[in-house]
Amino acid sequence: MHMNVGNEAFRSIPNKDSHLPWYKNAGLLQLNLFLMCIFTGQFLNGYDGALISSFQAMNSWLTTLDLKGSNDKATNIGLLNAAVYLAGLCIAPFAAWVSDRFGRKWCIRYSSIANLIGTAIGAAAGTGNANGYAMFMMSRIIIGSGLAFCVMISPIMLQELPHPKHRVLMAGLFDVAYITGSFVAAWVTFGCSYISSDWAWRIPYLIHLPFAVIMIIVISLVPESPRWLFKQGREDEGKAFMVKYHANGGENDELVAFEVSEIQEALRSEREAKQDTWKMILSSRSSLHRLGCVILIVTMQNLSGTAIIAYYYTSILKLVGITDTSTQTGINAGLTSFTVVMALSGVWLTKRIRRKTQIYISWAGVLLSNIGLIISTSLYTQTGHKSAGLAAVFFVWIYNGSFFLSCGPIFFSYPAEVLHLSMRSKGMMIWTICAKLMSVFSSYVNPVAMVDIAWKWYFFYTAIIVVTGILAHFVLVETKGRTLEEIGELFDGKILQAHMDPSHYEIGSDDEKLSEKSLEKNV
């Protein structure tokens with residue numbers, strides 16, 4: 001009998017206490033609370049990313065870093081932003097090795113330590129006789145290396161640890177944590193903008209610290225990825241994880257047996273095809289298709305034009321005549337509030353419509369708002385009409401909101417879910433390297449282009465949006481309603497035995513292992 005895969009068929013498999021809401025299921029409650037540590041790292045990523053944009057409106061920060069009135073101000077700010085991505089670019093291969101060799105958790109540990117050290121250095125920038133710009137640059141490099149570890153590995157953990165029925169939701173909420181971080185940063189800097197001293201920017205920067213401390217403590221309590229444990233041959237530990245957290249301690253649980261069977265068979269297939277080697281990854285059509293999906297998604301994520309909004313929002317506002325610091329930070333805070341709503345709406349949509357449909361809707365909004373922003377900004381530049389300036393602000397909001405309708409629930413989760421276990425860290429390394437290269441480009445080129453050609457620079461992103469939108473239709477595969485192992489079938493064209501014959505996953509006896517009959521079928 002063939003299972004109806006692709007339609008959340010796993011929900012029909014008996015699972016202990018599955019009828020209870022997650023907060024009344026001790027195993028799921030504990031696991032989901034542990035996963036808050038992963039969201040904390042992405043919260044810090046969003047918080048940190050929004051700070052530099054807001055700091056540009058603060059005279060105290062510009063003065064401390066000797067940027068106020070500097071002829072090279074745009075270039076130096078661009079270098080500060082690029083430093084974060086260059087650090088991530090250089091360290092990404094090492095993060096992939098650590099993840100595969102020592103486990104996913106060590107990457108989160110390094111991220112929290114880097115945040116602690118980098119924040120201390122950055123907050124002390126310009127004190128005494130120290131060179132403020134040099135210290136802040138060092139801070140950005142250290143924090144950037146830590147954020148790269150976190151952002152690269154966290155999506156993997158959110159695919160591999162959650163209960164199957166929570167995987168999509170947890171993965172979708174990951175970028176909501178980023179937006180929440182941006183939201184908090186925007187309102188904190190808005191409040192601190194009324195402080196006349198250096199503490200106007202030092203206080204927001206120091207807020208990194210408590211969250212980094214929470215991460216380094218809680219990550220020690222988070223269980224290791226069961227799929228990583230299986231790959232290391234530590235199957236008893238992997239099964240114990242499934243029983244404790246996915247079956248609320250229930251022995252001989254059918255869903256756990258199904259998950260174990262899927263993982264074992266997928267790993268066996270990957271080992272036989274040697275899919276964990278770079279040679280096979282780069283020569284296998286299915287693996288290249290996976291990498292193609294990853295690279296397309298990361299291009300949509302980083303070259304949509306929203307980087308201008310994230311880091312140079314004040315430049316856009318100045319371009320349309322809004323120059324007051326409090327007004328700029330207030331509008332920015334309002335934008336992040338709206339973005340949070342749109343990201344949460346995206347998570348709600350993900351449970352109800354197909355992934356590709358959601359991307360189409362989002363990308364149509366991004367394209368239309370990009371065109372609207374070009375028209376309104378050019379009209380303001382030519383006429384100076386206030387209505388054109390207000391229209392530009394409106395289109396910035398729609399631009400960002402439309403983007404996060406799909407970025408929030410899909411762009412971070414999709415790459416990790418289409419990569420099979422043996423290449424997941426390596427594939428996410430490619431994702432990180434591409435993201436950092438594109439971000440370095442955006443961080444260094446955007447401020448210069450905004451000064452030299454202003455609104456005309458948006459046309460570059462118009463072309464990228466059109467091309468990536470077309471490619472999304474032909475390259476991306478629909479993953480809705482499938483487990484991680486079922487998604488692999490879309491690329492490999494091979495149906496797992498567990499999906500062909502339910503007797504493939506029999507409940508074990510007292511030793512809680514799959515029956516000998518089931519194991520024989522796997523061979």
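Backbone N, Cα and C atoms are what each Cβ position is placed from, and that goes for glycine too.
Those TrEMBL annotations? Automatic predictions, nothing curated.
Now, the feature entries from TrEMBL:
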- 34-480: domain 'Major facilitator superfamily (MFS) profile' (DOMAIN)
- 77-98: transmembrane segment (TRANSMEM)
- 110-127: transmembrane segment (TRANSMEM)
- 133-156: transmembrane segment (TRANSMEM)
- 168-190: transmembrane segment (TRANSMEM)
- 202-222: transmembrane segment (TRANSMEM)
- 288-311: transmembrane segment (TRANSMEM)
- 331-349: transmembrane segment (TRANSMEM)
- 361-380: transmembrane segment (TRANSMEM)
- 392-416: transmembrane segment (TRANSMEM)
- 428-445: transmembrane segment (TRANSMEM)
- 457-477: transmembrane segment (TRANSMEM)
The transmembrane segment (202-222) and the transmembrane segment (288-311) contact flag, 3+ Cβ pairs under 8 angstroms: no
Contact call for the transmembrane segment (428-445) and the transmembrane segment (110-127): at least 3 Cβ pairs under 8 Å, seq gap 6+: no
Positions whose Cβ lies under 8 angstroms from the transmembrane segment (331-349), at least six residues beyond its ends: 50, 53-54, 169, 172-173, 175-176, 179-180, 182-183, 185-187, 189-190, 309, 313-314, 317, 322, 358, 362, 393, 396-397, 400-402, 404-410
For the domain 'Major facilitator superfamily (MFS) profile' (34-480), mean pLDDT (0 to 100): 88
